[in-house]
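J.: Following this message is one structure expressed as C-alpha cells.
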Amino acid sequence: MTAKDVKFGNDARVKMLAGVNVLADAVKVTLGPKGRNVILDKAFGAPTITKDGVSVAREIELEDKFENMGAQMVKEVASKANDAAGDGTTTATVLAQAIVSEGLKAVAAGMNPMDLKRGIDKAVNAVVEELKILSKPCETSKEIEQVGTISANADETVGKLIAQAMEKVGKEGVITVEDGSGLSDELDVVEGMQFDRGYLSPYFINKPEAATVELDNPFILLVDKKISNIRELLPVLEGVAKAGKPLLIIAEDVEGEALATLVVNTMRGIVKVAAVKAPGFGDRRKAMLQDIAILTAGTVISEEIGMELEKATLEDLGQAKRVVINKDNTTIIDGIGDEAQIKGRVAQIRQQIEEATSDYDKEKLQERVAKLAGGVAVIKVGAATEVEMKEKKDRVDDALHATRAAVEEGIVAGGGVALIRAATKVATTLKGDNEDQDVGIKLALRAMEAPLRQIVTNAGEEASVVASAVKNGEGNFGYNAGTEQYGDMIAMGILDPTKVTRSALQFAASIAGLMVTTECMVADLPKEEKADLTGGMGGMGGMGGMM
C-alpha cells in the first residue's frame, strides 16, 4: 500500500478552497449574456470552444492532489445540475464557490461546522419553497422562446427554433439536435413514431448513400415472439408480394433460417422486406407493440390471445405512409390508425403516468405518450466550421433542456433575481436553533447574490452597485446585463426555469455543506523516481584497451 499524505484543519481547507476557486473561476467566466468563451485543448483534432459550464468543469484536473479534491467536488455539482435539469451548471458552480468560501471563513473564525451546515440547509430549503411560490407556469410559445434564448446565451434564433419545434410536436414530443449541412439552422419535423431499434441485417439497406432502409406505403407485421422458421412467415409474404407492397416485420427477434430467407428475397427483388426488433423488454415491449398496432391500424400477433403467425392475413397487418430505418432507429411516419383510438390510447397511458410510483416508469410512459401524440422534431445546427458547430450544438442542447424544465416546473425572473427575492423574503423570518446556525443561514442567503454579481461582473459593470439596486427593488425588478438596463425581468423576456434554479441551488448547497464540514484530507504521496543506477558507469567504455 502506498504511503499517504494527510492534512488537517485549516491546512486542508485552504488547499481545498484553492482547488474550488481554480475550477469555479474557469467556469464562471461563461455566465450571463456577456459571458466569455473557454478554449479546451483536445488530444486529437482542433480545440473545442465552449460557453457550457459543465464542459469546462469536466476538463479540469489539477496537479496538487488536495487542490484537485476540491475541484472534483465542485465538478460534481456541475454534473449533478446537468443531469437533473440539463442546464444551470455555471450557476450551480458559482453558488457552490460562494457558499464554500463564506463557510470556510466562518469555520476559521471558530464557528461549529455542523451547525453551519444545518443553517445552510435550513436556508436552502426555505428558499426552494419560496421559489415554488414565485414560479409561474410556462405555457405560451413566446415564453418558451424566451427561455430558450436566455439559455443559449441570448441567441434568438435558437429560442425561436425550439419554440417552433415544441409547437409542431407538442411539449411532450421528441426533439433531437443534429449536425446540419449548411450555414443556417434548420428544423425538420418527422410526423410519426420513432423507436431505438435498427435493421437486423445491413442487407436490407436500399439507400446506400444514407445507409438507410426506406419503405413507401409498407405493410407492418407485429409479432410478439421470436421468428426463426420461415414457414410461419410464408402466408404473409405471399399476400404482401401479390399486393406489390413492401413489408416491415417488427418482432421480438428474427433469426436463423427466417432472417436468411428474408435477406435473399430482398436481394433478389422478389419482395421488399425489412425486419427490426420490437422496442423495449418484457411487459413494456408488449405495450409498445400495442401502441404501434393502434398507430398503424394493425393487430399484434400473439400466442397469448390465441393468434398464430401462419394464420395471419393482410387484414392483421398495419400500414403507414413511410418507414425509415437506420442502424439505430426506426421511424414510422403517418400510420393509418384511427385518430379516436390513438387519443384513447394516449389518455390510457397518461392515467398510468398518474399512478406510476417510480421515476423510471414515469419517464418511459412519458416517452410512449410523446411517440403517439407528437412526432419527432430534428433541429439541424448550421455553422461555418466544425469548431463553431460543436459550440453551438452545446448551447442548443442546453436551451432544449432548459425549455423542457420550464414547461415542467414553470419559470421565475432570470438574471439571478429570483434567488435574491426568495432570499430577501426568507431572511426576515428564518431563525436557526443557535447563533452558529444563524451564521449558516446568513452566509447561504448572502451566497445567493453570487449569480447576479457574476453576471454583472462579466458584463463589465460594478457588481455591488447593481446587487444593491436589485435588492432594493421589488417583484421581478432586475438588471438586464445584455442591454445594461434595469426593469421588469419577465417583461424583458429574461426568464429562468424554476427547476434549473432550484436544482442549481440544492446541489451547490449539498456539496458545499459537505466541504465546510471537512476536517481532514488524505491523498497518496507522490512516488519518488528511483535514481538511474547506470548513471555513474559512463567511464567504463575505455577498458577495452586493457586486454
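Note: Cβ is positioned from N, Cα and C throughout, glycine not excepted.
Sharing the features that Swiss-Prot gives for it:
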BINDING   THR30, LEU31, GLY32, PRO33, LYS51, ASP87, GLY88, THR89, THR90, THR91, GLY415, ASP496  ATP binding site
J.: In the structure shown, which of the binding-site residues THR30, THR90 has the fewest Cβ neighbours within 10 Å?
T.: THR30
J.: For GLY415 (ATP binding site), write down the residues of its own chain that are at least 6 apart in sequence and whose Cβ falls under 8 Å from its Cβ; none is a fine answer.
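T.: Sequence-distant Cβ neighbours: GLY32, LEU452, ILE455, GLY478, TYR479, ASN480, ALA481, MET489, ILE494, ASP496.
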J.: Among the binding-site residues GLY32, GLY88, which residue has the largest number of other Cβ atoms within 10 Å of its own Cβ?
T.: GLY88
J.: Quick check: in three-state DSSP terms, what is THR90 (ATP binding site)?
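T.: THR90 (ATP binding site) sits in a helix per DSSP.
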J.: What does DSSP say about GLY415 (ATP binding site): helix, strand or coil?
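T.: Note: GLY415 (ATP binding site) is coil by DSSP, not helix or strand.
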J.: If you count Cβ atoms within 10 Å of the Cβ of LYS51 (ATP binding site), leaving out that atom itself, what do you get?
T.: 22
J.: Listed ATP-binding residues THR30, LEU31, GLY32, PRO33, LYS51, ASP87, GLY88, THR89, THR90, THR91, GLY415, ASP496 - what's their greatest C-alpha to C-alpha distance in Å?
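T.: Result: 17 Å between the two most distant Cα atoms.
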J.: Secondary structure at THR30 (ATP binding site) (DSSP, helix/strand/coil)?
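T.: Looking at the DSSP assignment, THR30 (ATP binding site) belongs to neither helix nor strand, so coil.
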